[in-house]
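Input: a single structure, listed below in structure tokens.
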Amino acid sequence: MKNTELEQLINDKLNSAAISDYAPNGLQVEGKETVQKIVTGVTASQALLDEAVRLQADAVIVHHGYFWKGESPVIRGMKRRRLKTLLANDINLYGWHLPLDAHPELGNNAQLAALLGITVKGEIEPLVPWGELSMPVPGLELASWIEARLGRKPLWCGDTGPENVQRVAWCTGGGQSFIDSAARFGVDAFITGEVSEQTIHSAREQGLHFYAAGHHATERGGIRALSEWLNENTALDVTFIDIPNPA
């Protein structure tokens, strides 16, 4: 498949053109024209690029790519080494950020809901769905369930939350700023990847459980699902590689 055809295929699947983002979605660094072997991962770190080189991949597809708004345009140090690895090995780099959070099937939010057994009921605002667990569970039990499913112990604050949790809102990655919207909507718990200092005060003062389950851990699902979709629907050879990250 041509590198530009792959870009169009995924853009169409994720409806990228309809979503404004903080970084370019699609082909970010051009490599060889023909793509067959692909490595995917959450972030285009040096470790992932090194794996792509080792596996002789033609392309790398990630959720967190390069060239973010507000980022320094200077190419030096870490950025130079990463780009040099791609260019020297003629590897294409593709990134899809918010489109891969929001997609109702392959998106990070949809995949997290499926993993945790949450039935999606609607959306509080863009990128913040809400839903229900099959039955009410104590806050500590939900924390244990999140740990079991994600392989990472979440930071849990349930000081003033209800005895049991059933109505849940969530936003994968760095979605802690949405806690107030979730509280106003009226859920028992809010799940995201990261926590800020003020997040805990918001949870305590508004009476809901809060879980910070890891930016990386909550965003493995989307890129993994996209990898599976490509393997099932094309003749491409796609391998998801999880580079461990406790954050």
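Backbone N, Cα and C define each Cβ position, glycine as well.
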Quiz item: Among Asp90, Asp101, Asp188, which residue does Swiss-Prot annotate as binding divalent metal cation 1 together with His63, Glu219?
Solution: Asp101
Exercise. Do me a favour and check the Cα-Cα span between His215 (divalent metal cation 2 binding site) and His63 (divalent metal cation 1 binding site); whole Å is fine.
Key: 12
Self-check item: For His63 (divalent metal cation 1 binding site), the number of other Cβ atoms found within 10 Å of its own Cβ
Solution: 27
Quiz item: When you measure from the Cβ of Glu219 (divalent metal cation 1 binding site), how many other Cβ atoms are you left with inside 10 Å?
Solution: 26
Practice problem: Indicate whether His64 (divalent metal cation 2 binding site) is helix, strand or coil by DSSP. | Solution: strand
Quiz item: So how many other Cβ atoms are close to His215 (divalent metal cation 2 binding site), meaning within 10 Å of its Cβ?
Solution: 20
Practice problem: Using a 10 Å cut-off, grab the number of neighbouring Cβ atoms around the Cβ of Asp101 (divalent metal cation 1 binding site), all chains included. | Solution: 24
